[in-house]
2 protein chains.
Amino acid sequence: MSLKAFEMSPKGTVIELDEILSNVKYDKDGLVAAIAQQHDTKEVLMLAYMNEKSIRETLETGQVCYWSRSRQTYWRKGESSGHRQSLVSMAFDCDGDAILLQVDQKGPACHTNRRDCFFFEVKDGQVIVESDPQ
Amino acid sequence: MSLKAFEMSPKGTVIELDEILSNVKYDKDGLVAAIAQQHDTKEVLMLAYMNEKSIRETLETGQVCYWSRSRQTYWRKGESSGHRQSLVSMAFDCDGDAILLQVDQKGPACHTNRRDCFFFEVKDGQVIVESDPQ
């Protein structure tokens with residue numbers, strides 16, 4: 001099955017979390033893309049990956065936990081830097097291959113100490129660095 | 001090389017688009033995740049995938065073109081439905097494995113005819129469908 005089974009459900013339909021989590025379209029590494037958006041300003045901060053265990057931990061603790069593909073380990077955002085991401089809400093998309101996290105990001109989200117990760121912006125056929133690393 | 005070579009560059013640094021595109025961290029299928037955000041309301045509409053050719057086409061035409069993983073073909077958003085996505089701006093993230101598209105979405109972005117794809121929202125340990133399909 002997949003989340004497609006539920007996609008035409010009307011507003012207000014209640015689905016068990018386990019039902020959703022077992023039908024998320026994880027990739028071959030068991031991962032799903034997760035977008036972090038600052039809940040009040042609506043800026044998109046970053047994109048990272050979660051597995052089922054990190055999704056559950058995030059919901060239980062209220063602190064966002066990803067799976068780091070480069071380090072191959074759980075990545076509790078801000079654990080070393082102090083730049084923590086608190087979870088405000090979590091939503092899955094229509095076909096279960098993406099997650100949108102509304103978060104409250106303390107300080108910079110990017111490892112370059114910029115507020116967000118999307119600082120290489122295309123302008124007039126070139127790319128401009130849009131903010132300074134700190 | 002990777003975009004990491006440019007990540008500590010100061011604001012205003014200009015990089016050739018070809019330099020960026022050849023250093024995007026495409027996956028084994030040649031794809032990179034792309035987030036579409038409505039440029040004025042800042043709602044996150046959807047997440048899909050692009051390859052280098054669809055990125056170039058999007059920049060050239062100003063109409064967003066993805067690669068459909070399910071149909072294994074180019075997916076010119078709205079070509080059949082009329083629900084087109086016009087590009088407002090495009091940005092790459094710090095390590096070149098995600099793209100943020102600011103778009104102007106005509107009508108619904110989701111194939112269920114909802115405005116956005118993230119309608120399975122976690123609330124109190126369950127998942128609630130947050131909007132009606134049209």
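Glycine too: its Cβ is placed from the backbone N, Cα and C atoms.
If you look up TrEMBL, you'll see A:46-119 marked as domain 'Phosphoribosyl-AMP cyclohydrolase'. If you look up TrEMBL, you'll see A:Asp93, A:Asp95, A:Asp97 marked as Mg(2+) binding site. Annotated Zn(2+) binding site per TrEMBL: A:Cys94, A:Cys110, A:Cys117, in sequence order.
For the pair formed by A:Asp95 (Mg(2+) binding site) and A:Cys110 (Zn(2+) binding site), distance between Cα atoms is given as 28 Å, rounded to the nearest Å. Taking the C-alpha positions, the distance from A:Cys117 (Zn(2+) binding site) to A:Asp97 (Mg(2+) binding site) comes to 21 Å. In sequence order, A:Leu3, A:Ile99, A:Leu100 make up the list of same-chain residues 6 or more apart from A:Asp93 (Mg(2+) binding site) whose Cβ falls under 8 Å from its Cβ.
Restricting the average to the domain 'Phosphoribosyl-AMP cyclohydrolase' (A:46-119) gives a pLDDT of 97.
Sequence-distant contacts of A:Asp97 (Mg(2+) binding site), defined by Cβ-Cβ distance under 8 angstroms and a gap of at least six in the same chain, are A:Val24, A:Lys25, A:Val32, A:Ala33.
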